[in-house]
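Shown next, in structure tokens, is the structure this report addresses.
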Amino acid sequence: VDGEGEAVRGERDWREYWRLLFRKITVKDIEDFEKSYKDSEEELADIKAAYMDFEGDMDRIMESVLCADYTDEPRIRKIIAKAIDSGEVPSYKGFVKESKQKMIARRRRVEKEAREAEKSKDELGLGDGDDDLKALIQSRNKDRKKEMDDFLAHLEAKYGNNAKKGRKKTAAKKGK
């Protein structure tokens, strides 16, 4: 590495450099990916791989497949059933004999998580925009900075001002 190089001196704007390498991801980008991914060959391969990896456990399959939520479960079940019928994947007891109670519990758990996420979003004052999240992060950074400044001020007041208080006492001389 060249010791005199721009990268080593720290004068480079790393955020700008990162943006040159990787463009900023937006919500629209994610939505576009989801549209192109669903019902694609890639999703089909991912569903089959998850089915094989988790031996038919739908809880784990639904957690691992990209862009899948509980409304996609019937569609994913049909894909897996078709793959079983065609012999592409083996039939696992965990998938074929899954109880209705387990399906209902999975759905309730996901709905509960969605309600909690919405509640947290409202408590934090987040809207649908990227600027809301950015403002929240900046606010938290300011709070952390204030906490750190208060902590350092407390340490300075405790240990910095009283020079005499911190001295060790010398032991009494021998023979006295």
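Including glycine, each Cβ sits where the backbone N, Cα and C put it.
Matching 30-57, 58-85 against TrEMBL, the residues noted as coiled coil span 30-57. Within the same chain, residues 69-70, 136 sit at least 6 positions outside the compositional bias 'Basic and acidic residues' (110-124) and bring their C-beta atoms closer than 8 Å to a C-beta of that stretch.
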